[in-house]
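Okay, structure first, notes after.
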Amino acid sequence: MAPAGAKKSILERLDAGEVVIGDGGFVFALEKRGYVKAGPWTPEAAAEHPEAVRQLHREFLRAGSNVMQTFTFYASDDKLENRGHTQRFTGQQINEAACDLAREVADEGDALVAGGVSQTPSYLSCKSEDDVKATFKKQIDVFVQKNVDFLIAEYFEHVEEAEWAVQVLKTTGKPVAATLCIGPEGDLNGVSPGDCAVRLVKAGAQIVGVNCHFDPATCVKTVKLMKEGVEKAGLKAHYMSQPLAYHTPDCNRQGFIDLQEFPFSLEPRILTRWDMQKYARDAYDVGIRYIGGCCGFEPYHIRALAEELAPERGFLPAGSEKHGTWGSGLEMHTKPWVRARARRDYWEKLKPASGRPFCPSMSTPDGWGVTKGHADLMQQKEATSDEQLKALFEKANKSH
């Protein structure tokens, strides 16, 4: 048990049946705010603009997050140097700054710090297991030095690479969570969600689940399949879900990156806060206790999760001081027809209009069917050439 006055660990909280609220999508949120570049999606803002990263951490903490995940997504050196992307900071400098910011804000509340690693260009380019593991090892050295509370291997399309990451993270002795960016069809090699989860648990992960690539409904369905697989194998684990804040019913196996709207025209797909409350309840009902978000999640989305699960948690987040339950704050509105919306059944039954009369309700994904080992996925330090772009443009035109 934790000493008197100390924060309970992630496993102590989950073992006790507590709900752990994750944070949201730092990469997308900071891109919209002008601190992250779409394309490389790398987190140098932790070192370049620490005030922006710190503020976003604080907003998620106020919204109810129990975890401050270090802004270290794609912070491996092979990713920082990929496709002509030049850096003023090393991966180590970025990861150190990210750990310090997460710890500073976590200590302002009852939150834990999670250090995260994600998929690597080295794996996509068919580098060896030792090479890929060395990339993870370089990152976790910083997490150990900064004494994060637990570790997350997130955003893996291939369970094999996730297993390698978990094996490296386990060497620290810290609790390990592992999330794949997969849907009900499984990873990109066709390994089912249940089998993926079993492999991750056997590799040493105590918490398993999914993040990114799909909407909450799809992710809850996928984690349920993972849970069933783990239980059938006679194993035990805790479960987590950190989906997109976008509706993705038309996605194929690779998720939202195949949607034609990715990444700059996804706004019409954003879930409302009421959609998020449904997600929180659905996730809780299938046995998921670590419930958070990924790309597209803003603090108000996290606040919706915390508000929906307030009965189970026993309290509301600080951010609810400025938000009436189910729109009750509208009782103070000047217009009577808006005051009439201050009720749960109005917002729960509303079918929001898009205001886009000529837009389809669904998209046709770009399913090129390539994954690890395909020539198109071989990564390079040099910038993408005009010749390479021309070939891609032609292929895209033919596919449409």
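Including glycine, each Cβ sits where the backbone N, Cα and C put it.
Those TrEMBL annotations? Automatic predictions, nothing curated.
Under the heading domain 'Hcy-binding', TrEMBL lists 8-309. Here TrEMBL flags C212, C294, C295 as Zn(2+) binding site.
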Averaging pLDDT over all residues of the domain 'Hcy-binding' (8-309) gives 95
For the Zn(2+) site given as C212, C294, C295, which other residues of the same chain have their Cβ within 8 Å of the site's Cβ centre? G25, V27, F28, Y155, C181, N211, H213, Q242, P243, L244, G293, G296, F297
Number of other Cβ atoms within 10 Å of the Cβ of C294 (Zn(2+) binding site) across all protein chains: 29
